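Input: a single structure, listed below in structure tokens.
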Amino acid sequence: MMLFGKISQQLCGLKKLPWSRDSRYFWGWLNAVFNKVDHDRIRDVGPDRAASEWLLRCGAMVRYHGQQRWQKDYNHLPTGPLDKYKIQAIDATDSCIMSIGFDHMEGLQYVEKIRLCKCHYIEDGCLERLSQLENLQKSMLEMEIISCGNVTDKGIIALHHFRNLKYLFLSDLPGVKEKEKIVQAFKTSLPSLELKLDLK
């Protein structure tokens with residue numbers, strides 16, 4: 001397990017180097033492997049542990065309910081009773097999470113905050129999938145989407161399903177074209193939402 005964690009961190013670090021076009025296929029394949037959902041694992045260890053493993057494998061961080069410290073090292077995931085560690089916040093900055101992995105989040109009941117920053121594989125379908133998860137519709141309070149170039153108006157509008165969302169920050173999203181339409185949509189669907197935009 002420790003070896004896998006170190007190798008995955010090293011491989012994720014290599015993605016920042018300039019590569020030929022052919023290497024993109026390799027990284028796409030490797031990221032798909034990191035994102036693959038293992039339903040047996042979810043059943044065996046519970047949704048929070050399985051989602052933690054997925055997120056950290058892909059370079060994200062998690063914070064558990066009642067803790068201040070962010071968990072970012074795959075090799076130091078806490079052990080103990082399956083129901084002890086519940087994910088409260090996710091910071092997916094520079095991670096390789098993608099839509100095929102989002103089934104990991106289906107059983108999460110306590111996630112209040114998600115930060116998606118510089119996530120090259122996040123697209124509208126990911127946001128639509130997230131917003132359809134009933135547990136997240138109830139628990140989500142804050143969301144930040146920053147520098148995710150594949151996100152468009154369609155994906156942002158889908159977030160109105162997070163009926164308890166209190167804060168949404170959107171920045172550097174070149175695919176988002178109709179700011180005023182988004183503002184009006186959220187004013188109608190989530191009138192108490194604090195919406196902050198830093199879009200061109």
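Cβ coordinates come from backbone N, Cα and C, glycine included.
Look at Swiss-Prot and you will find 1-25 tagged as transit peptide.
Residues annotated as region 'N-terminal domain' in Swiss-Prot: 1-61.
Taken from Swiss-Prot, the feature Mg(2+) binding site covers GLY59, THR93. Its Cβ taken as reference, GLY59 (Mg(2+) binding site) is surrounded by 23 other Cβ atoms within 10 Å in the chains shown.
Per Swiss-Prot, repeat 'LRR 1' is recorded for 62-87.
Counting residues 6+ beyond its ends, the repeat 'LRR 2' (88-116) has Cβ neighbours under 8 Å at 12, 15, 31-32, 34-37, 39, 42, 46-48, 50-51, 54-55, 58-67, 70, 122-123, 125-126, 129-130, 133, 135-136, 138-146, 148 in the same chain. Positions annotated as repeat 'LRR 2' by Swiss-Prot, on the basis of experimental evidence: 88-116.
When Cβ-Cβ distances below 8 Å are used as the criterion, the repeat 'LRR 3' (117-141) is approached by residues 31, 91-99, 102, 105-111, 147-152, 154-156, 158-167 of the same chain, each at least six residues removed from its ends. What Swiss-Prot records for 117-141 is repeat 'LRR 3'.
Helix, strand and coil counts under DSSP for the repeat 'LRR 4' (142-173) come to 9 helix, 11 strand, 12 coil. As annotated by Swiss-Prot, repeat 'LRR 4' applies to 142-173.
Here the repeat 'LRR 4' (142-173) has long-range neighbours at 112-128, 130-132, 136, 181-182, 185-186, 189-190, 192-199, meaning same-chain residues at least 6 beyond its ends whose C-beta is under 8 angstroms from one of its own. Cβ environment of THR93 (Mg(2+) binding site): ALA60, MET61, ARG115, CYS117, LYS118, CYS119 lie under 8 Å away, each six or more residues apart in the same chain. Mean model confidence of the repeat 'LRR 1' (62-87) amounts to 92 (pLDDT, 0 to 100 scale).
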